[in-house]
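Here is what TrEMBL says about this protein:
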DOMAIN    294-334  domain 'UBA'
REGION    275-296  region 'Disordered'
TRANSMEM  6-24  transmembrane segment
TRANSMEM  85-108  transmembrane segment
TRANSMEM  114-132  transmembrane segment
TRANSMEM  153-182  transmembrane segment
Amino acid sequence: DKAPLSKSLLLVPSAISILLTLLFQQYQKFFAYNLQAIKEDFQVWRLICGRTVCLDLKDTFCSSLLIYNFRIFERRYGSRKFSSFLLGAWMLSALFDLLLVEAAQYIFGITINSLPSGFLGPVFALFVPFYSSIPRVQVAQVLGHFSITNKTLVYILGLQLLTSGSYIWILALSGLVSGIFYNSSILKIHRILCVPSWVAKIFSWTLEPIFSSAEPTNEARVGMGATVDIQRQQRMELLDRQIMMSQVAQMRRQRQQQGGMINWNRLFPPLRHRHNANYQDHRPSEQDTPPPTEVSEEQVARLMEMGFSRGDALEALRASNNDLNVATNFLLQH
């Protein structure tokens, strides 16, 4: 949703790549990124065909996953600005491809006649804003030293794509350099290499209705966060809330069958006396009794919306030190 350009880049080149690999192998030569044919025979059209469609299905799969993860930038900046970045990175990376090939031949004596095909330069260029603007959030730790973050999978995909071919490092380097150049506020390249407004309107009228996705209607609307992780967290919270609501009726019936109020002294002694290792079942003295915790009426209302009584909600929040998640879990589990 809200990323038609990313969807088109995900579907169209992938479909053409699969067709060329499985059914029309005789036409693969027209999509080869042949630098020798471009320089000597002036086949400039190969810059478009050879730098758009992958001829290796592994590259197609990895680049498609990366484009899917990078759709956050189209949602954040809009389709026009996102397409301007891709256009600028595509043109700059094409220039850097030729320069790096000439430099490799001049310095190392390596003659490179062709490079891996596909929309790889702009994909590698997107790692620049991904590194600089997407916050790093730790998800887990491996062996106590290696951190797993929300960006680890994307970097692993980029590494897999980088190691898929012999000369793909040239495309990766040219893509990263073009991304740095385009993002530079000093060079002002983004003001020169941009999609005109009238072109953006034409594509908005013609192609956007084809590739746009309808907003999901079978789920409650969730406000869009600033990053993919915030959106994923909001969606997980919504699903957790739905699961809780589905369990409420059954838990209420079980409590009614047991009769009366819940025995909070049985449920929450560890919470109320977590610092007292020698806690016993007798009632504490007035001097040891802590002052009652102030309960938020908003949290009480949220628990009552789930079907719990006001008394149970108040006791659960007080016993859990006004922690809504802990109170909800105990209410559902008991």
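Cβ coordinates come from backbone N, Cα and C, glycine included.
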Which of 6-24, 114-132, 153-182 contacts the transmembrane segment (85-108) most, counting Cβ pairs under 8 Å: 153-182
Same-chain residues at least 6 beyond the ends of the transmembrane segment (153-182) whose Cβ lies under 8 Å from its Cβ atoms: 56, 58-59, 62-63, 65-66, 69, 85, 88-89, 92-94, 96-97, 99-101, 104, 112, 115-116, 120-130, 189-190, 193
Tally of DSSP helical, extended and coil residues in the domain 'UBA' (294-334): 29 helix, 0 strand, 12 coil
Positions whose Cβ lies under 8 angstroms from the transmembrane segment (114-132), at least six residues beyond its ends: 9, 13, 17, 31-36, 50-56, 59-60, 63, 66-67, 70, 73, 85-86, 89-90, 92-94, 97, 101, 151, 154, 158, 161, 164-165, 167-168, 170-172, 174-176, 178-180, 182-183
